[in-house]
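K.L.:
Copying in the features that Swiss-Prot gives for the protein in this structure:
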- 1-159: domain 'Obg' (DOMAIN)
- 160-327: domain 'OBG-type G' (DOMAIN)
- 166-173, 191-195, 212-215, 279-282, 308-310: GTP binding site (BINDING)
- 173, 193: Mg(2+) binding site (BINDING)
């Protein structure tokens, strides 16, 4: 399935149906009086978070969504039927923004969440509504109200517990394929990963979702390479696993480069808990490995993990470190319970 994480859509709710001008006509009833019914309300436009989706690709092929108009009222006090609704189905993690791309309309993070995007117009009153003590036969009715229309942006931010960051070819996709059932494209050239991927990690008796995004390079926040637009998909992660390629010239410099891009991007990414690991340890000789570990330790200020996704060296330790960091982050984010009132 192709991946799309941003789409622009036009939504319009249905117009309300017009009220009816009608009079009761029956045998032996000389003055039947007005019996025009009200118009039906126009259909609404909703957005609903559904299970089984992880892309907005459907909105590349259809951008206009219009609900049905309400039906007109008719005689014998019959009201018009309500217009049919339109529902935009989106994956969990979808943000809905106004046309200016800054005003947040809704943030759908749970399956089953619904938000009203455009309310249908009210139906007009029939002439029976306007009957008064001085006007027993009104000959006018209301037209229905017009529906609402908007241009909106849909922006997907994948929901994962932990995210992988690093330079291209740091081994992120290999790590994801090793610890989950995901099958990302893996090759020995930069930018093999062109869109984010998700996988479910099982550690002992627990599970969490891990996200892999395309690699960052120097100047990514200015649009160099694939840019930093995919960093939005790790904004919701509680913890980052920063992989640094062991075969790079200087592991410490590679680490600092990615950290600089995270800080330039903002949105709190640089402040998230981070597990640092030196990858591809299986192809380094002991002397070179120790030098890279020392360089990385000097850059990040703590002893990094040493892993190899190919041989699974250090992988269980990295996963357990992620779990522990997630537990700490969740405990810090949990609001303190207020003490119960006692007389």
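Any Cβ shown, glycine's included, is placed from N, Cα and C.
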K.L.:
On the 0 to 100 pLDDT scale, where does the domain 'OBG-type G' (160-327) sit on average?
P.N.:
86
K.L.:
Give the number of CB atoms, excluding that of residue 280 (GTP binding site) itself, located within 10 Å of its CB.
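P.N.:
Residue 280 (GTP binding site): 23 neighbouring Cβ atoms within 10 Å.
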K.L.:
Once the DSSP letters are reduced so that anything not helix or strand counts as coil, what is residue 308 (GTP binding site)?
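P.N.:
Note: residue 308 (GTP binding site) is in a strand by DSSP.
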K.L.:
Are there any residues in the same chain, six or more apart in sequence, whose C-beta is under 8 angstroms from the C-beta of residue 166 (GTP binding site), and if so which?
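P.N.:
The list for residue 166 (GTP binding site) reads 172, 215, 216, 242, 243, 244, 245, 254, 258, 279, given in order along the sequence.
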K.L.:
So of 172, 195, which of the binding-site residues has the fewest other Cβ atoms within 10 Å around its own Cβ?
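P.N.:
Lowest Cβ count within 10 Å among the binding-site residues (172, 195) is 195.
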K.L.:
How many Å lie between the Cα of residue 214 (GTP binding site) and the Cα of residue 173 (Mg(2+) binding site)?
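P.N.:
Between the Cα atoms of residue 214 (GTP binding site) and residue 173 (Mg(2+) binding site), the distance comes to 9 Å.
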K.L.:
Can you give me the Cα-Cα distance between residue 195 (GTP binding site) and residue 173 (Mg(2+) binding site) in Å, rounded to a whole number?
P.N.:
11
